[in-house]
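> Look at TrEMBL and you will find HIS111, HIS115, ASP121 tagged as Zn(2+) binding site.
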Amino acid sequence: MEQDILFHTETGGTEVPTAQEPLLRQWIETVIQQKEGQAGAINYIFCGDEYLHQMNVEFLDHDTLTDIITFPYETFPLVSGDLFISTERVADNAADLQVAYQDELHRVIIHGVLHLCGQGDKTEEEAVEMRRLEDWALGLRPEELLE
């Protein structure tokens, strides 16, 4: 299976700085390896609220704003899929939570990977475990991503 982690920007999205892409790939691959998965093709698509809302309605029948929608290609241990992230929602959530935009973006980026690794977040128990895993994964970020 092809092993590419790619970053794209759609209407309304904020681009990831090109210099960060190799560091993000390294971090994502580390998390997948630590979860005993195998990285395949992963596409991050950064977009705006309107774009992601339309996808949420069309594909999931949810008429709400969200920060991420994950479409898996494979089942774990293969980790592969499309992850659509609303950078507008990430910015609003970061402001509401009083955290840095970059930290919230990283949390959402890894949240999608954890979904691809099989972690749910529908029940309270799953949501608590998801948050614990997000915190664990954030602790694995390369130092250069924190600058």
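Each Cβ is built from the backbone N, Cα and C atoms, and glycine gets one as well.
These numbers come from a predicted model, not from an experiment.
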> Excluding HIS111, HIS115, ASP121, please set out which residues of the same chain place their CB within 8 Å of the center of the CB atoms of the Zn(2+) site, keeping sequence order.
ILE68, THR70, GLY112, LEU114, GLN119, GLY120, MET130
> Can you count the other CB atoms that lie within 10 A of the CB of ASP121 (Zn(2+) binding site)?
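Within a 10 Å radius of the Cβ of ASP121 (Zn(2+) binding site) lie 17 other Cβ atoms.
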> So, three-state DSSP: helix, strand or coil for HIS115 (Zn(2+) binding site)?
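Going by the DSSP assignment, HIS115 (Zn(2+) binding site) falls within a helical segment, counted as helix.
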> Tell me whether ASP121 (Zn(2+) binding site) sits in a helix, a strand or coil according to DSSP.
coil
> Using a 10 Å radius around its CB, how many other CB atoms surround HIS111 (Zn(2+) binding site)?
21
